[in-house]
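Pulled from Swiss-Prot:
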- 24-277: domain 'Protein kinase' (DOMAIN)
- Ile30, Gly31, His32, Gly33, Ser34, Phe35, Gly36, Ala37, Val38, Lys53: ATP binding site (BINDING)
- Asp147: active site, proton acceptor (ACT_SITE)
- 316-372: region 'Disordered' (REGION)
- Ser324: phosphoserine (MOD_RES)
- Ser331: phosphoserine (MOD_RES)
- Ser343: phosphoserine (MOD_RES)
- Ser346: phosphoserine (MOD_RES)
- Ser349: phosphoserine (MOD_RES)
- Ser359: phosphoserine (MOD_RES)
- 405-416: compositional bias 'Basic and acidic residues' (COMPBIAS)
- 405-424: region 'Disordered' (REGION)
- Ser442: phosphoserine (MOD_RES)
- 452-502: coiled coil (COILED)
- 548-649: coiled coil (COILED)
- 565-596: region 'Disordered' (REGION)
- 753-871: coiled coil (COILED)
- Lys830: N6-acetyllysine (MOD_RES)
Amino acid sequence: MRKGVLKDPEIAELFFKEDPEELFIDLHEIGHGSFGAVYFATNAHTNEVVAIKKMSYSGKQTHEKWQDILKEVRFLQQLKHPNTIEYKGCYLKEHTAWLVMEYCLGSASDLLEVHKKPLQEVEIAAITHGALQGLAYLHFHSLIHRDIKAGNILLTEPGQVKLADFGSASMASPANSFVGTPYWMAPEVILAMDEGQYDGKVDIWSLGITCIELAERKPPLFNMNAMSALYHIAQNDSPTLQSREWTDSFRRFVDYCLHKIPQERPAAAELLRHDFIRRERPPRVLIDLIQRTKDAVRELDNLQYRKMKKILFQETRNGPLNESQEEEEDSEQGSNLNREVDSLGSIHSIPSVSVSTGSRSSSVNSMQEVMDEGSPELVMMQEDEGTVNSSSSMVHKKDHVFVRDEAGHGDPRPEPRPTQSVQSRALHYRNRERFATIKSASLVTRQIHEHEQENELREQMSGYKRMRRQHQKQLIALENKLKAEMDEHRLKLQKEVETHANNSSIELEKLAKKQVATIEKEAKVAAADEKKFQQQILAQQKKDLTTFLESQKKQYKICKEKIKEEMNEDHSTPKKEKQERISKHKENLQHTQAEEEAHLLTQQRLYYDRNCRCFKRKIMTKRHEVEQQNIREELNKKRTQKEMEHAMLIRHDESTRELEYRQLHTLQKLRMDLIRLQHQTELENQLEYNKRRERELHRKHVMELRQQPKNLKAMEMQIKKQFQDTCKVQTKQYKALKNHQLEVTPKNEHKAILKTLKEEQTRKLAILAEQYEQSINEMMASQALRLDEAQEAECQALRLQLQQEMELLNAYQSKIKMQTEAQHERELQKLEQRVSLRRAHLEQKIEEELAALQKERSERIKTLLERQERETETFDMESLRMGFGNLVTLDFPKEDYR
């Protein structure tokens with residue numbers, strides 16, 4: 001989606017549709033930062049006073065700027081707390097987002113700027129209390145501010161403390177981005193990319209630094225280069241309060257906030273119960289502080305206004321002031337200004353505007369314009385008011401006009417209209433009571449000027465932060481890529497394992513089906529063989545029976561014939577008796593044959609049953625052998641499959657191990673490359689900073705050398721004036737002495753006395769002239785020597801400072817490199833332990849599976865043999881009951897398949 005084109009309904013809901021240029025009027029610039037400017041404005045429909053932060057998302061890094069805007073809007077929409085800035089809405093206009101928020105008087109940093117001295121401890125406690133309540137709310141919802149400092153803690157008219165500027169905030173905790181303002185950054189933020197993540201405890205560190213800022217007018221290390229400050233924070237001990245005037249409770253609170261180890265740092269909710277926060281303080285402490293600050297701002301602006309008015313009137317009457325008049329006027333006004341400010345208890349402070357682009361340090365600050373309607377001499381300024389305020393878009397383009405003053409300073413004397421140039425300078429201090437503020441116009445102008453002047457340093461820090469974020473994105477992208485590669489690798493291995501398992505299952509199913517088919521086939525063959533065997537026995541027995549019967553018939557005939565012959569030979573026996581004896585003999589023979597036949601049939605039946613039983617036992621034994629062969633084949637197949645599976649798992653483990661080592665090497669190589677690039681950039685930035693400082697010092701020295709003749713001329717004129725005064729004194733003394741001598745000496749000696757006095761005067765003037773020349777030469781030489789010595793001392797001090805900063809950078813980089821190498825070593829050891837443990841688990845699993853398989857083999861074979869043995873015993877017992885003897889001799893020998 002093109003930036004700013006609201007095609008996505010979710011994004012479109014973040015912005016209002018009205019035209020902000022028509023909705024908001026009377027815009028005045030009240031702050032400036034890297035993102036753009038902050039304006040005071042009025043809602044044309046409701047007359048509500050608001051603050052507007054304009055953020056452009058065109059130019060370089062458009063996508064990044066647009067994403068920052070979306071993130072800040074989403075973040076602000078979530079906030080509903082008395083100690084966070086109230087969000088009014090966001091509008092889009094010509095590649096610029098108008099972020100509208102409630103208007104506040106100014107920031108805690110402005111208090112230091114106006115009063116030019118540290119705040120009182122009760123005032124710091126009150127401001128810290130409000131900030132902690134806001135932080136507790138953010139941290140409860142897993143939000144991190146990441147840019148807590150005095151410039152981002154705002155104050156309202158009723159004395160309410162508000163957290164503002166959520167451009168650096170994170171909607172996720174923990175986070176690991178390099179964001180914030182250098183001097184307030186927690187160590188874990190600086191080392192976030194190198195050592196891991198951080199949470200809301202970073203805001204607690206920044207709050208501790210802010211307490212030092214409010215107590216000492218500037219954060220620790222503020223006199224140091226911002227980059228060097230980062231290196232210092234990352235590797236040195238936590239800062240502490242320097243002055244001994246603070247209470248032990250305050251000291252403990254600051255030390256508690258600034259624990260180096262985040263886990264030892266307290267949470268915001270815990271700090272709210274600290275003695276420093278809970279102790280009693282006046283309920284109006286912040287309201288009184290704000291009122292004193294507003295009075296001081298009004299007085300400062302009125303002093304500036306009177307200075308401009310005096311210059312304006314002086315120019316109107318006498319023309320432009322000469323140089324000496326201007327210097328004298330500046331000196332006078334400066335002393336007046338100092339007297340007025342000191343009467344309010346104020347001293348100067350270091351500006352809190354951050355040099356960091358990412359910090360978005362310009363808070364929603366504010367200022368006040370007051371208008372003296374009773375000053376007739378300002379009528380011509382009021383006539384130009386329409387020109388100045390006719391267009392809000394012109395206000396911040398024309399010299400950053402900030403105007404204010406107070407009634408009661410008017411001069412009723414009519415004056416002629418001043419020149420246009422002086423009038424434009426006076427426009428800065430016109431009197432119109434437009435809005436209340438605790439920030440003076442000169443402070444706003446100075447901050448805007450500093451923002452323009454520090455662009456190079458700000459761009460350097462912005463580039464450094466951008467590089468750190470880019471490095472982090474590269475690492476995250478690589479980690480995601482490697483994770484996807486590992487997931488794909490594991491999925492591939494898992495599929496291979498599943499395929500092997502499926503194939504093994506299919507093979508076992510095929511084997512089982514094959515074995516079932518073989519058993520069925522063997523059963524059919526056995527049934528057929530048994531039937532054939534039975535038929536063979538029956539056929540043989542039938543044949544034997546037929547032969548036996550035929551033999552009996554022959555024997556019967558032979559016996560019958562033999563008996564007949566015997567009877568025929570015996571003539572003594574009656575015929576009837578013979579017939580009876582023959583019949584009886586025939587019956588006996590038939591009976592004997594019948595018994596023999598029955599015996600034969602019995603023997604045949606017994607033989608048939610015994611042989612059938614024996615054949616069945618042989619079939620059973622053969623079936624047992626087939627079952628043993630089948631189970632042996634199945635178990636061998638399972639063992640082969642399991643061995644193949646184990647070989648595959650070992651191969652998978654080795655390939656995974658190789659991939660893990662390769663990925664770790666790739667990740668560590670990229671990390672080291674990025675660290676080297678980061679260190680190279682840091683070194684280049686430091687060298688560039690060194691050159692810039694040397695150039696600035698050189699320019700300063702050149703300006704001093706150029707200014708020296710003018711200074712020497714002024715000193716020479718001063719010595720000359722002293723010489724002239726001395727000459728005048730001597731001339732007066734000469735005249736007085738001459739008159740006295742002429743009065744006390746005769747007239748004829750007057751000529752000689754005059755000559756003597758003239759010679760004495762000439763001699764003394766010559767000595768005086770020589771002293772004058774000598775004084776000039778000594779002054780010239782001493783000033784030149786003093787300038788050379790001062791410049792040389794400055795050069796030496798700068799070289800020493802830059803050398804210390806370079807040593808600090810080298811120490812920081814060495815520490816980071818050592819920490820990274822140690823981290824890599826830990827990662828390698830952790831990987832080795834994980835790989836070793838995984839291999840041990842795999843080998844243990846293989847052993848357990850092989851043992852389980854062997855146990856299954858033994859149990860199944862044992863179960864089979866026991867079943868077969870029981871079946872054989874049952875068969876033999878039944879055979880015994882059937883009257884058959886031991887059939888084992890006819891059985892096949894058993895084999896031990898175990």
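A Cβ is built for glycine as well, from the same backbone N, Cα and C atoms used for every other residue.
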Cβ packing number for Ile30 (ATP binding site), 10 Å threshold: 30
Overall pLDDT of the coiled coil (548-649), taken as the mean: 86
Assigned conformation of Ile30 (ATP binding site) - DSSP reduced to three states: strand
Assigned element (helix, strand, coil) containing Gly36 (ATP binding site), judged by DSSP: strand
Cα-nearest neighbour of His32 (ATP binding site) within the listed recorded positions, Asp147, Ser442, Lys830: Ser442
By Cα-Cα distance, the member of recorded positions Ile30, Gly36, Asp147 nearest Ser442 (phosphoserine): Ile30
Number of other Cβ atoms within 10 Å of the Cβ of the residue listed as 'N6-acetyllysine' across all protein chains: 11
Asp147 (active site, proton acceptor): secondary structure state under DSSP, collapsed to three categories: coil
Nearest-integer angstrom distance between the alpha carbons (Cα) of Ile30 (ATP binding site) and Asp147 (active site, proton acceptor): 20
DSSP three-state assignment for Lys830 (N6-acetyllysine): helix
DSSP residue counts for the region 'Disordered' (565-596), split into helix, strand and coil: 27 helix, 0 strand, 5 coil
Recorded positions (Val38, Ser442), the one with most neighbouring Cβ atoms at 10 Å: Val38
Between Lys830 (N6-acetyllysine) and Gly36 (ATP binding site): CA-CA distance (Å): 48
Those recorded positions listed as His32, Gly36, Asp147, and which of them has the most Cβ atoms within 10 Å of its own Cβ: Asp147
C-alpha spacing of Asp147 (active site, proton acceptor) relative to Val38 (ATP binding site), in angstrom: 18
Where Ser442 (phosphoserine) sits in the secondary structure, as DSSP reduces it to three classes: helix
